[in-house]
Every structure is written in structure tokens, then in C-alpha cells.
Amino acid sequence: MIQSDKGADPPDKKDMKLSTATNPQNGLSQILRLVLQELSLFYGRDVNGVCLLYDLLHSPWLQALLKIYDCLQEFKEKKLVPATPHAQVLSYEVVELLRETPTSPEIQELRQMLQAPHFKALLSAHDTIAQKDFEPLLPPLPDNIPESEEAMRIVCLVKNQQPLGATIKRHEMTGDILVARIIHGGLAERSGLLYAGDKLVEVNGVSVEGLDPEQVIHILAMSRGTIMFKVVPVSDPPVNSQQMVYVRAMTEYWPQEDPDIPCMDAGLPFQKGDILQIVDQNDALWWQARKISDPATCAGLVPSNHLLKRKQREFWWSQPYQPHTCLKSTLYKEEFVGYGQKFFIAGFRRSMRLCRRKSHLSPLHASVCCTGSCYSAVGAPYEEVVRYQRRPSDKYRLIVLMGPSGVGVNELRRQLIEFNPSHFQSAVPHTTRTKKSYEMNGREYHYVSKETFENLIYSHRMLEYGEYKGHLYGTSVDAVQTVLVEGKICVMDLEPQDIQGVRTHELKPYVIFIKPSNMRCMKQSRKNAKVITDYYVDMKFKDEDLQEMENLAQRMETQFGQFFDHVIVNDSLHDACAQLLSAIQKAQEEPQWVPATWISSDTESQ
Ligand SMILES: Nc1ncnc2c1ncn2[C@@H]1O[C@H](COP(=O)(O)OP(=O)(O)OP(=O)(O)O)[C@@H](O)[C@H]1O
């Protein structure tokens, strides 16, 4: 269920004072200020609707309206009172009074000023204006208006480069041309003169009776400058109860390819991962939204959650034999001992690129990981998001690196930890294999029985795992938490199909996709790089390896791009490391869009 944004902080009280300071005596402004103060006490708490009410009362347009109201009130009080009998008489009286007071240079000057012709002219002008009535003179209503006569509204809009921002339709029964919807931020909406449901009677003096909507649109397209609409206003104009909801698109949408969209030109295309501001959910099937990357533009039509879900389901069933790309195992190279290193880095896997090509999925892994990926294929098409800013006292967010095999995920992670081992750390993985003499439990691995390992899987405490040479290897939630609780940033690499498992409010992962650059650059930068495989040592990257890396990266982006918070192209290792450091810093210190469920207090995990 999409709900209102709970992410914004209440503005400070200084702002509120400023907005009402124009007339502190004014009762309405004073009451509003007190109400806002009261509400701000509840803002941080989970009181249903309080954020919406607060934002509404604090919205700039309401403040502006109040200012206008204040000005009008002030104007009403200062309105000139007809003063013909008084103003001129008053000046004579003052002059007479002054005659009786002892003469001084100032009194002399004042008397001369009051008797000067321009002062008299000024008073006379005041009197003339004060007597005038500036209210518009309306013609009297005719006595014999027929009962059936409909009130008309004439609306003039000046057409500029922008679209009018309204769609029309023909009423199925009556054949009337009606305004179907007003697009937020468009010319029609900003005019405040047209509403969904208004009946179009004329456009630029041309009657629309009996015309098709396409013919009306043609008249509009041909019009230049001012367009005049004659409309019969809808009896009950829709109340604008819009909630500012933000969602992450978990799928892509192309209006041009959607035969169901009511108005293709008004459609808003979006890609996986785009953050959309939903500005209108009044229609159960078609919402209005704008991209936050493009806030100035007017909104566009997008399928509602319900409709998009239905479309996804139809698409899914129309392609029953589509391969489940989630069926890919995670394999571990068993040996990795940090001999010869300055410090020990746990949790690193060696390149299993070539092994993976030949690998088969273990039944255990398939049964669990399929749930996540199938969900993403037909699950919620929009994910409600809020702005989240980590507080300094909060644990760090988990950093997840992801990328096609061989792209440099491990290299980057290694460099990061080497750069600052007291700040960055990997989680110690679990394994079912036996401990070697030089190993220490909890340093290289947590050595556990197969039964314990499987229990961790079934209780969803394993973030990722795989089987290699008959032994299970994996990283547990607790191992990650151990690093986070120590006040360090936990950096782990994941296969995309495991992503749903880590997306919990507990870990609040920030996912960075490591992407190969183009073939030409890769050939150059990987000239001396070695692929470390299970059975080849010091094997150089071949063109086909690089090509496969590129293809896999594309597939990952297509299928899982909605989960990537940041993308780094790993061309120059030095640049990629610098970008990684900066991205991690931003993730921890700057506001980011995260699923709303991670923030609501009553939800433990998604
Ligand atoms: N930007 C780069 N420039 C040159 N060489 C690089 C770069 N990034 C990584 N490499 C090298 O490429 C090889 C593969 O990198 P790495 O092992 O980190 O890949 P990976 O993404 O972890 O793949 P896998 O998952 O298969 O282990 C290593 O020899 C590494 O040093």
C-alpha cells in the first residue's frame, strides 16, 4: 500500500515565524502558527496523517494565500472613506488653528504648505477617488432564465511551447466531449480554470458538438496564441487530495508500446530504478507522476500499481518458457590464506569465472533463491521510497559490490580494505569444511556442521551461500552485523540473485554495481591482468572473456538495475577506487532514497 512520505523533517520554527511575521496581530496567521507548532510535536511520531497535515499547512501555496488574505484585510482597513465634507474643511480648520498659535518658522512653513495650491489639489484628488466605487458593474440578471439553461465558463489560455496539459474523451452515452484529466504542472492545471469532467462546448468559437476527440485535438493543434474554451463546468469539481508519494520503478515502461494507455502523448516513460513522484492517484488505473530527475516538467501518465502488476502477470504468462536467470549458483574457491599480506582479509573468494560457466545449481540453493527473483519479475512494480539520512549514532549501511565475474569486484574491495582496515572490513564467512591446522575459527571462516549451516539457511540468516567440492560456504547476517556493531563499514560482494535477501531494514544495504568499460578500453586496461581460476594460473584475459564480461554486465543491469544505488565503471583501477570511496562516503553521510519499509518503526524487515 502506497502511503505518504514520512521522510521529510519538519522545517524549523524560524521558518514558520518568517512566514507569518507580516502581520503578527492577524488572528488566522496566529492560529496557523500555533497549530503548526502543535503538529511539529507529533511529526516524528507515527501518528497517522500528521505528516500530511503538517506539510499541507506548511505548504508554500497556503502561506502565500494567507499573505494575500492578510494584504486584503489590510487593504480593507485602509480603504479610503469618502471625505469630501471633511478633508478640505479639515485643512481650513488646521490653518485657522495655526493662525492662533504663536508664530515660529516651522508653523509658518506648515501654514504655507497647507495653503499651497498643490496641497489643495491633492486633497481634492483624494476626495474624488474616495467617492468612486471601483467594484465592477455587472449587468442585471435577466428575469426569465430557463430552468434547463446551463452555466457556461469561458476559459482563455495562452498557448506557448508547452502542451495544454489536459486530455479529453467522449462520453459513451451522451457523446459529449469531456475533459478527461488535467495533468499536474501543465498549463490547464496552473490556470485553475479547467477541471476533469468539464463539458467542452466550443473551442475558439467552433462548436464541438458531434465532433470526435481527434477532431477537437486537430482544432487545438491548429490554434495559435490564445485559445478560448467554452465549457459547462462539472457540477462537483474533483477535490485535489494528492499525496506526495515517491516510488522506485522496479520495471520499465514505454507508453508508445502500450495500446491501453488512454493518451499516448501524455504517457511518462520510465526505466528500472527511476524515482518517481506520484502526484495523483485519483484514477485507479492511471496515475500521474513525474521523475525527480526532471521536476520542472509537467506530470505524465503511468499505470497504477494494480494495473502494472496485471500487465506484468499477463506478460509473464505469455512467456511461460522464459528461462529463470536466477538459477545460477554461487561457488567458492576453497583456499585463500592471507600469507604474505600486511593483515588478514577474510571473506574473499578467488575468481570462479570459468567454473561458474560449467557449474550446476545445487537443489538447496535453487529452491530458496528462486523465490526472490521470481518475485522481482512479477512482484510489486513500484517500491515506495523515502529519503533516508543515516544519523551519526546509527550503524553504517552495508556496502554491497556486484558485477560480472572478472570485472574487479574483489580487487576493488581488497584495495578499499587495505586503504583503511580500521574503517572497512569483510564479514567472516561460514563453511562446513574442516579447519586446517594453520587456520583459526572465526578468522578465515566460522567452521560449522552441515546441519547448523542448513539451519541458518532455512531460518533466513544466510545472505548468500554456495556449494563447492561437497562443502557449503556462505556469509551470514550475524557475521555482517558483527562488523557493523564494531562501528566499521562492512563491504561484501554478492551475486545479483541474492540481493533480495540483504534488502532489509536491519542492514540497509547500499548496492554498487561495478561495470566493465567498453571492449577497446578493457583490452588496454586488462593487458597485464590475470584471471585467477580453479585450474589455470596466470591466464590472461582473452577477447572472448572480455566480451562475455560485457554481455553479462548488460544482462545484470537489465534484470537487476532497479536495485543498483550507484554504478562505477572500472576502467582505471585508481579512478574506480577513488569513485568507490566517494560513493561509500555519500551513502553513509548524505540522504538517499530507501524503501519506506526500512524506515517505518513497526516493520522488522521487508
Ligand atoms: N581496473 C583494472 N585495471 C586492471 N586490472 C584490473 C582492474 N580491475 C581488476 N583488475 C584485475 O582483473 C583481475 C580480475 O579481478 P577480480 O578478481 O577482482 O575480479 P572479480 O570481479 O572479483 O571476479 P571474480 O568474481 O571472478 O573473482 C585481477 O587480476 C585484477 O587485479
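Keep in mind that glycine also has a Cβ here, set from the backbone N, Cα and C atoms.
Annotation comment: TrEMBL describes 1-17 as compositional bias 'Basic and acidic residues'.
Annotated region 'Disordered' per TrEMBL: 1-22, in sequence order.
Mean pLDDT for the domain 'L27' (24-80) in this predicted model: 73. Residues or ranges marked as domain 'L27' by TrEMBL: 24-80 (among others).
When the domain 'L27' (87-137) is classified with DSSP, helix, strand and coil residues number 40 helix, 0 strand, 11 coil. What TrEMBL lists as domain 'L27' is 87-137 (among others).
The domain 'PDZ' annotation in TrEMBL covers 154-235.
In terms of DSSP secondary structure, the domain 'SH3' (242-312) contains 14 helix, 24 strand, 33 coil. Positions annotated as domain 'SH3' by TrEMBL: 242-312.
Summarising the annotation, TrEMBL assigns domain 'Guanylate kinase-like' to 396-585.
What TrEMBL records for 539-590 is coiled coil.
Of the ranges 87-137, 154-235, 396-585, the one with the most Cβ pairs under 8 Å to the domain 'SH3' (242-312) is 154-235.
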